[in-house]
Amino acid sequence: MKWFGVLGLVTLSECLVTIPLVKIKSLRENLREKDMLKEYLEKYPFRLTHKLLHKHADSGVAFEPMRNYLDIAYMGIISVGTPPQEFQVIFDTGSADLWVPSIYCSSPACSNHNTFNPLRSSTFVASGQPIKLIYGTGKMSGFVGYDTIKISSLVDRNQAFGLSVEEPDKILELATFDGILGLSYPSLSVKGVTPVFDNLWNQGLLSQKLFAFYLSRKGKKGSVVMFGGVDPSYYTGELHWVPVSKPLYWQISMDSISINGKVIACDGGCQAIVDTGTSLLLGPQDAVLNIQEIIQARRSTSGEYFIDCDAVNTLPDILFTIDGIGYPVPANAYIQKDAALGICFSSFEGNEDISNNSEEWILGDVFLRLYFTVFDRENDRIGLATAV
């Protein structure tokens, strides 16, 4: 272990920079209220294999399934340029690039979001490099520029980012957020582009090469992402460290998923991505269908799995065992309620592309609201502790 072990994490917590995150209405909720969810789920099924196995086809193209952002619920504010222009972005550990809408974008998705005007920034430098992020539902295309990015008190100079010129995706039009700030490994970014976190570290702006998330369960406020240190007041007990199994995504090995001592999924071990850009618990279709049956969730005409809201008081915890440590997810976490419609639904979602022989999961915000999470790039590991 490097010099900044657990004690280092605590003693250097005063050096960290904390960015507030605000809980927002998810795209799923917006689609459900507009009676568009069924059509969307049928037309754009999520493909987890794309997220796990993608390799860049060329220097300017990256594949990111927009389905991943259907349930995103937290965003924070950054600014771009001099003087600063503000944007609401998703801090996403499941992708690596930063992009925001630009004034050159004429798509409907750009007309109702903040757009960056490079002509009003004295520090903007155009690169001429095209960029295309291909989603499960469409694409975001544009070009790469360089400018000053401000994240709370951090001033990230000469940062490469994407400026959208075309956003034909209907989901981006309905999104509350303006853009995405990726926090995954550089190997996932568009070739030649240094991600924000790496640029911050290279400029000596961080005391430790790590960041952490606390996602509050107490309403819209209280959630934070912190850079360069860890604030122990956000968790109880000790951090348990899990090695990253594949430094592309924040991917780890998981031992099993069980209820009352009986393994119900991930039997014999599997892989899991810890992903702040996903809200639900995603896994192989067969395994998830088995879990839906166990918790008595019923498939609706929209394709979602609904459940009796009173079941939250009777259903058991579901235990995710990671590196020998059990992380229980209680019913009040894996059952979510749409307050506007007064209905409850399962937080598990299946993916038809994955067979049980190559079982992979994504642990999204349902899991992360329960467990404070540290993403340690120096040691390629993830730290988990019970969130306060």
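Placement of Cβ uses the backbone N, Cα and C atoms for every residue, glycine included.
Taken from Swiss-Prot as is:
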type: SIGNAL; residues: 1-15; note: signal peptide
type: DOMAIN; residues: 74-385; note: domain 'Peptidase A1'
type: ACT_SITE; residues: Asp92; note: active site
type: DISULFID; residues: Cys105-Cys110; note: disulfide bond
type: DISULFID; residues: Cys266-Cys270; note: disulfide bond
type: ACT_SITE; residues: Asp275; note: active site
type: DISULFID; residues: Cys309-Cys344; note: disulfide bond
type: CARBOHYD; residues: Asn356; note: N-linked glycosylation site
Under 8 Å by Cβ from Asp92 (active site), same chain, sequence gap 6 or more: Ile72, Ile180, Leu181, Gly182, Leu183, Ser184, Asp275, Thr276, Gly277
For Cys266 (disulfide bond): intrachain residues, at least 6 apart, with Cβ closer than 8 Å: Met254, Asp255, Ser256, Ile257, Gly283, Ala287, Glu359, Trp361
Of the disulfide-bonded residues listed as Cys105, Cys110, Cys270, the one whose CA lies nearest the CA of Cys309 (disulfide bond): Cys270
Other C-beta atoms that fall within 10 angstroms of the C-beta of Cys270 (disulfide bond): 21
Count of other CB atoms lying within 10 Å of the CB belonging to Cys105 (disulfide bond): 22
Same chain, 6+ residues apart, C-beta under 8 Å of the C-beta of Cys110 (disulfide bond), given in sequence order: Pro101, Ser102, Ser164, Glu167
Lowest local Cβ density among Cys309, Cys344, which the record lists as disulfide-bonded residues, within 10 Å: Cys309
Three-state secondary structure, Cys110 (disulfide bond) (per DSSP): helix
Whole-number Å value for how far Cys344 (disulfide bond) lies from Cys270 (disulfide bond) (Cα to Cα): 29
PLDDT averaged over every residue in the domain 'Peptidase A1' (74-385): 92
Neighbouring C-beta atoms (10 Å sphere around the C-beta of Asp275 (active site)): 25
Rounded distance in angstrom between the Cα atoms of Cys344 (disulfide bond) and Cys105 (disulfide bond): 38
